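What Swiss-Prot lists as DNA-binding region is 17-56, and the listing cites sequence analysis. Marked as NAD(+) binding site by Swiss-Prot: 91, 92, 93, 94, 95, 96.
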């Protein structure tokens with residue numbers, strides 16, 4: 001595809017779903033898959049899948065399905081799996097500690113390498129082989145370690161302040177678990193994860209689409 005071509009945001013958000021399914025199929029020794037199978041596995045309608053895949057180039061032929069190896073190669077390049085992605089997490093409360101302990105154990109390409117908090121009792125603690133540093137060290141550490149992706153699990157009343165500091169440190173992506181809808185410049189991507197909203201959405205679909 002042309003270098004200046006941009007895949008739609010909605011399609012990009014589905015890439016990890018496609019990649020995980022294709023990886024599973026590859027592990028089962030399957031070399032081709034059609035949109036119907038993908039649709040049934042992911043509960044995404046076939047038309048959406050075909051439209052998404054039309055942005056991905058020549059991954060298959062009509063009547064033959066999509067080539068698993070070609071899809072894996074494409075998804076790896078788009079999701080930057082060829083490079084080790086270093087991530088920092090800020091706010092080591094219950095959620096932050098759980099994420100740090102888990103530390104993407106099934107994703108070898110992503111690793112939380114830095115953790116920050118302000119509480120004296122947790123500074124210096126080793127959690128999941130990562131030593132917690134004081135938040136005063138965020139900017140210098142992120143710059144020296146060339147980290148531009150951060151998970152934010154701070155209290156919501158300081159989330160925007162921390163986000164502003166992250167922008168100054170050159171961060172380009174924030175996964176925000178706080179209730180605060182933080183604001184950043186256009187070149188800084190923020191994904192908001194709100195468990196309450198996700199549960200409400202789940203309950204809605206259970207009520208209206210499970211019959």
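Quick reminder: no glycine exception, Cβ is built from N, Cα and C everywhere.
Shown here: features listed in Swiss-Prot, placed on the structure.
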residue: 91; record: NAD(+) binding site; Cβ within 10 Å: 24
residue: 92; record: NAD(+) binding site; Cβ within 10 Å: 24
residue: 93; record: NAD(+) binding site; Cβ within 10 Å: 13
residue: 94; record: NAD(+) binding site; Cβ within 10 Å: 8
residue: 95; record: NAD(+) binding site; Cβ within 10 Å: 16
residue: 96; record: NAD(+) binding site; Cβ within 10 Å: 24
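A helical conformation is recorded for residue 96 (NAD(+) binding site) in the three-state DSSP classification. Mapped onto DSSP helix, strand and coil, the DNA-binding region (17-56) counts 28 helix, 2 strand, 10 coil. Annotation note: residue 91 (NAD(+) binding site) sits in a coil segment as assigned by DSSP.
Listed in chain order, the residues near the NAD(+) site other than 91, 92, 93, 94, 95, 96 are 97, 98, 99, 117, 153, each with its Cβ within 8 Å of the site Cβ centroid.
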